[in-house]
Amino acid sequence: MGRLGALLLLLGALGALADICIIPEVDSSLVQSLGQRLLPWLDQLSLEDLNPSIYVGLRLSSLEAGSKEPFYLHSLKVDYQQSLLRRAPSDEGADPQPKPSMGQLALYMLALKANWHDHKGHPPGGYYQYGLSILALCVHQKRVHDSVVGKLLYAVQHDHHLQGGPLSVDILAMAGLAFTCLERSNLNSDLRHRITLAARTAKEKVLRAQTPEGYFGNVYSTPLALQLLTTAPMPGMELGMACLHARAALLASLQDGAFQNPLVISQLLPVLNHKSYVDLVSPDCLAPRVLLEPATTTPPPMQLPEFIHVMLKAPSVWPPYRHAVSVPAGASLEDVLWKAQELGGFMYGTRASLSGPYLTSVMGKEAGEREFWQLVRAPDTPLQQGIADYIPQDGETIELRLVRW
């Protein structure tokens, strides 16, 4: 082959790489430290703490938790089977525990598939969970009616959110994964052309949401976005450079300790193993995995705890609430809320979710339809983390604002 032919071959190879989202290997010690953060969660087997996403993330990673994994799956099965058999809550003394949400059921189905098991189910719901449910049924090779898939196709193609406004990166990524699974499985053959177009549309919108720092949306939506982008090439979209930029941003965040939430960790571990939820369609059951060992830490010397002061404000209630709260350094926002309630004059309510406790009420005021309690660091920075994950700094002011979609 002449020099010209070799040059053309090299340029063609570089062009092909530009169309593919490849995540180069990450230092194994970083990956292990990420997995070690999930180990304590495998010991938390209460109804509120069980999270099928943790099991799925580990099974799609290069790591394993030994005997903890089958025991955790057994606990998930017992919990979900019992909860599905419970009567719905009522005022007449029925079991007050709520049934699993659509998203929890969908992740439970993925967990069963990650154990090379089979399961039937058909939960209904809103667009993130809608896409997750279609994906879960798809990996089990269960066909969803065309009209159900059509609603998600319409949402992505027309950027239509249930609450109005554009779809978030999380929703686009989950919908794209569902479409990719449907495209590969050909379960909805009459919609094949629309599904292929919608999968590409979802990827294009995710790519357009990349920030100058490299994140897709934000640091916490980037792992799921990368799961989608690694599923197939995208000619003409400079996909390779976008993914390398995102990898660099994620590495910086990893080294800064940004990933503590088990749901986000469980979405990132498959990416670092070059996997996505779509790989559960034909899982590699024989792939080698490294056994996780608990992290060895040296306890710090005994010292008096340092306290910080956080101003907590709730301008959306009457009369508006404003109070300085003192908590130990390193306490979470949830600790701040709990301390404010303990001091008196403040009340709040939460409900459990897969990503941690979700704020539902402040001073007895519940978030209504198309409303939510937004967490804001003054003067006007919405928090990207939930109340259990955000660690306030000394002198910060945190506002709880009731916001409409």
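Keep in mind that glycine also has a Cβ here, set from the backbone N, Cα and C atoms.
Here the structure is a predicted model, which means the values were calculated and not measured.
Here TrEMBL annotates a disulfide bond for Cys21; of Cys181, Cys243, the partner residue is Cys243. Counting only the Cα atoms, the space from Cys181 (disulfide bond) to Asp170 (cyanocob(III)alamin binding site) is about 17 angstrom. Distance from the CA of Cys138 (disulfide bond) to the CA of Leu383 (cyanocob(III)alamin binding site) is 34 Å. Counting neighbouring Cβ atoms within 10 Å of each of the recorded positions (Cys21, Cys243, Leu383), the lowest count belongs to Leu383. The local packing around Gln267 (cyanocob(III)alamin binding site), expressed as other Cβ atoms within 10 Å of its Cβ over all shown chains, amounts to 27. A simple Cβ count within 10 Å picks out one of the recorded positions Cys138, Leu359 as the most packed, and that one is Cys138. Neighbour count (other Cβ atoms within 10 Å of the Cβ, all protein chains): 15 for Gln374 (cyanocob(III)alamin binding site).
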